[in-house]
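Trainee: Okay, handing you the structure first.
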Amino acid sequence: MIAAWWRRSLLLRTVGSIVAISALVGGLIVVAMSQAAARQAEAAAYRQLAEMLDTVESTVSVACFVGDGELAMEVARGLLSSSLVAGVDIATADGELVRLKRHFDEFERPAGERVVRELHSPFAPTVAVGRISIQPAAGAIAGQVAAARNQIVLQAILMIVSVTLALTLTVWRRVIEPISVISRRLQRLDPGRGEQLAPPRGCEQDEFGSLTGNINSLSSRLLGAIEREQGLRRQHEIDERKYRGIFEQAESGIFIADAHGCMSSYNHALARLLGLPRPRFDRPLAVSLTDLAWADAAALQALIGRCLESNQAVAEDFELRRSIAPRRWLSLSLTPLGDGQLQGILIDVTERRNAELAAQRTAITDTLTGLPNRQGFEEYWSRQIVDHPEQSFALLMIDLEGFKQLNDALGFPAGDRVLIGFAARIFACVKESDWTARVGGDEFAVVLRNISNPKHLEGICRRILDNLGERFTVSGQEACLGASIGATFYPGDGTNLPTLLRNAELALNDARSQGGRRWSQFDQGMIHAVERRHNLASDLRLAIERDELRLHYQPIVDLASGRVVGAEALMRWQHPAHGLVPPDYFISLAEQSGLINDIGAWCLDTVCAQLAAWQADGLDIHVTVNVSARQIPDGLTPAHVVAAAARHGIAHQRIGLEVTEGSLLGESAATLEWLDSLRQAGFRVYLDDFGTGYSSLAYLKRFRVDTIKIDRAFVRDMGRIASDRVMIEAVVMMASGLQLKVVAEGIETAEQLAMLRAIGCHFGQGYHFSRPVPPAEFPAALARIASLGDAA
């Protein structure tokens, strides 16, 4: 009961706290003050003893000086009359004169510390004649100390009691009583009638006045909030009646559910979409959204959790699979309502999803061949790596050769038919489990699954090359295009698609660089070769300034007379670090880097200068210069050729320009104008590497040239392959009919020379006559060729 009273009574707890604090502080003060009073009383007693000695010092000095024991005894008895003195000793220099002690009881024992005074002669103050010592009475001194201490304690207690009473009354008057008044008035207050709490009397301006004002303000706000809440409740009832009709008549499915997907209400549209019973509002529902036949119920539950955790609206599409109805796609939007509840809206998006799936299939499919396109290839490859990381794959990149020329010559419809045919041939060479895609205009990719043996890979690649190398019949004409293949392995050569694509492209470029129509397997040396090629491209920019380019000349011989009538200028690059770099390697670099125009201009100017030098030496021959497709028509304009010839005083007919079939199949109108301008100016135009591309009489009629150069590949095999010889005979016959000259390249044996003479070929060049030689060695080469003619 006392404990309960203590907890309920603020006054009691406050008075108790004041008394406890006052007692603690007062106790500390009493102890300190009593100790100080004791020290002061003791010091006062010793001062009295010293004053007694001062009084009797002169008398005792005389008694000691004359040795008067009676006088000394009188002084000692006088001192003992004081309650503070317990004993007196007076001694001279010769010995004790008087010793007098009081009789002590148990409470008046002498103190331990004596008061001693040295005595001097009354006639000579510096001469000691004795001493006097007083034994203090401890009991008397202690009595004085106790009296002083008691007085201090009494005063302190009175002060503490007074302060405690004053504080208690003050707290009661200033704190407890106002609080009690406010409490009683609050109990009687009725805020609903607008009553206000009045502050206690005398407290209008202090904290209690502010407290009552705050209570009144809070009461007003609470009353206003209650009124607003009542108004909102009434409005909510109105809105609920108004929107229930909308809820029931909505086309979209609407529901309220908890964190587990249990729906507390839903409308008729949702019941139709999900095949649920009609909603009832007169009793609780027992339907869980997550228990329906969703294709991915776990994802639905995760969406509900994400909505409630983030407290934000979320949306996602889900597939509903029902045995008695077609599969449907539903778009679910969830909005958190608070207290673990959420609102959902369900819309049927089956048609949209079907359209999207169709669009996705179209986006990853090549519409021409029906094969996957590059995007489809990348998606497939990514899935394969993720789903089957332990399996080995081989990636083939297949590039069709000569397709652009055929497409430009015969048109896009013919090119489309060729692509369809190529796709069918590739597909026929691989297994059904393998995968084929068209990843570029004339590039295909093949994924060979579960293959890691290079020999097995070689067999597949050769089969593809053989099939693609067979002739096509397009628009009534036969075409033999061929292909090159680059191959790489997963995971041996790389574990991600960008790396494998790079490796396959490097291998494909290697196959092209070897003449094409072959396959090449990636190895790490190809990366180093690319780096070397990049470095060479940088060095090539400085090659002209450093005078590192050279021209070698290969004689062109009149086969009938055996006389040298011309030469072909062939570029060489004397690299300071890599030695002699072949033109097949750096010419392509020059084309890719845009340096081919500068190099071509240097080559033409150098040829003209050499022709001028030979002309001065009496050598009357013509020289042909190879022209890149990148130089036609603006890189090497007819005006530039005319200016170079004029600068060195060279007749136009002594300069020949060699172009390939490929360079004539681009901008046909501009190319035709370029050719006509050169021929009208008197320059010779040669069609180089005839027979390796899509050759046609139509091209020879449209793009007029002076001379045809048969590629060395046909000359090399004409002795053992009848078709190559027949082809050369046909070209010679055709050229004669068109009044064109023919130059056979790559003559290496006397037998080849004899066969070409028998066929009626006009000119030839090759190692049988001479290798390409520097200008300084050209006269010696002429002499060797002349000796061959004499020997024949």
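All positions are counted from 1 along the displayed chain.
Heads up, the Cβ atoms here are built off N, Cα and C, so glycines get one too.
Annotations for this protein, taken from TrEMBL, read as follows:
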type     : residues : note
TRANSMEM : 15-38    : transmembrane segment
TRANSMEM : 152-172  : transmembrane segment
DOMAIN   : 173-227  : domain 'HAMP'
DOMAIN   : 239-278  : domain 'PAS'
DOMAIN   : 391-524  : domain 'GGDEF'
DOMAIN   : 533-786  : domain 'EAL'
Trainee: Taking helix as H, G and I and strand as E and B in DSSP, count the residues of the domain 'HAMP' (173-227) in helix, strand and coil.
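Mentor: Summed by class, the stretch gives 40 helix, 0 strand, 15 coil.
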Trainee: Using DSSP, how many residues in the domain 'GGDEF' (391-524) fall into helix, strand and coil?
Mentor: 60 helix, 36 strand, 38 coil
Trainee: Looking only at the domain 'EAL' (533-786), what is the model's average confidence as pLDDT?
Mentor: 89
